[in-house]
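As structure tokens, the structure follows; a few thoughts come after it.
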Amino acid sequence: MTFSRDIKIAPSILSADFANFGAECEAIETQGADWVHVDVMDGHFVPNITFGPSTCAAIRKHIKGVMDVHLMIAPVDPYIDAFAQSGADVITAHLEAGPHIHRTLQAIRAHGIKAGLALNPGTPIAAVEHLLDMVDLVCVMTVNPGFGGQKFITSQVAKVQALRAMIGDRPIHIEIDGGVTVETAPLVAAAGADVLVAGSAVFKGGSVGNPAPYGANIRAIRAAAMAALG
Ligand SMILES: O=C(CO)[C@@H](O)[C@H](O)COP(=O)(O)O
Ligand SMILES: [Fe+2]
């Protein structure tokens, strides 16, 4: 996985047909997705449950590009090995998920994959400063994690701007997760984000039998983000 600051669209399969993940992943990649975003929820760190590493391993077989695994679980450390072995290219853990985030990031990188750090909307960026040499991606949550289809929290745009200033030219992605649409994508792209996760805004209107809307939605979000960059 090489580093590029081009805008990347990462559809979240939280909005896909859960009985048809393989075909859904193939459909979004065929329709122009850059990364596939996989949300793991434990019903403890967040009030929703999705699936675990064996499902990620099954999904992996249907993804040609980047599998971006977002772990909304606590504790997280006991499960890093299993998710890495499932074939993730990026594993993102939450700063709020435990007291030893530095150890968590070390454990992810020990597998030779990219380490991501996610911040809930109420979490300031100050702690990131001391972890910059340990992260390949910072995920700014623009909704409270746990569900798709929520409204974008506008206060996070200033946070993205401050994070971009802190990161400077280091090869660290800024990922936005939650409420990304054609309306909000330009705000975060202009603020310095380069990976845009979008669930409901990508999957709306389409299905594995009718995947063209996925492509139209991905192109529209990408175009809106790129337009903001001039
Ligand atoms: O991690 C999460 C939610 O906790 C996300 O990845 C959502 O799946 C994004 O969904 P939309 O807000 O784009 O519908
Ligand atoms: Fe996510």
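Please read every residue number as a count from 1 along the shown chain.
From the backbone N, Cα and C atoms, a Cβ is placed for every residue, glycine too.
Taken from TrEMBL as is:
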- Ser12, His70, Gly146, Phe147, Gly148, Gly149, Asp177, Gly178, Gly179, Gly199, Ser200: substrate binding site (BINDING)
- His37, Asp39, His70, Asp177: divalent metal cation binding site (BINDING)
- Asp39: active site, proton acceptor (ACT_SITE)
- Asp177: active site, proton donor (ACT_SITE)
Taking the Cβ of each of the binding-site residues and counting other Cβ atoms inside 10 Å, which one has the highest number: Gly146, Gly148, Gly179?
Gly179
Taking only the binding-site residues Asp39, His70, Gly146, Asp177, which have a CB closer than 6 angstroms to any atom that belongs to ligand 2?
Asp39, His70, Asp177
Which binding-site residues are spatial neighbours of His37 (divalent metal cation binding site) here, meaning Cα within 10 Å, out of Ser12, Gly146, Gly148, Gly179, Ser200?
Ser12
Around the substrate site (Ser12, His70, Gly146, Phe147, Gly148, Gly149, Asp177, Gly178, Gly179, Gly199, Ser200), what further same-chain residues have their C-beta within 8 angstroms of the site's C-beta centre?
Leu14, Ser15, Asp39, Val143, Pro145, Gln150, Val197
For substrate: widest Cα to Cα gap among Ser12, His70, Gly146, Phe147, Gly148, Gly149, Asp177, Gly178, Gly179, Gly199, Ser200 in Å:
17
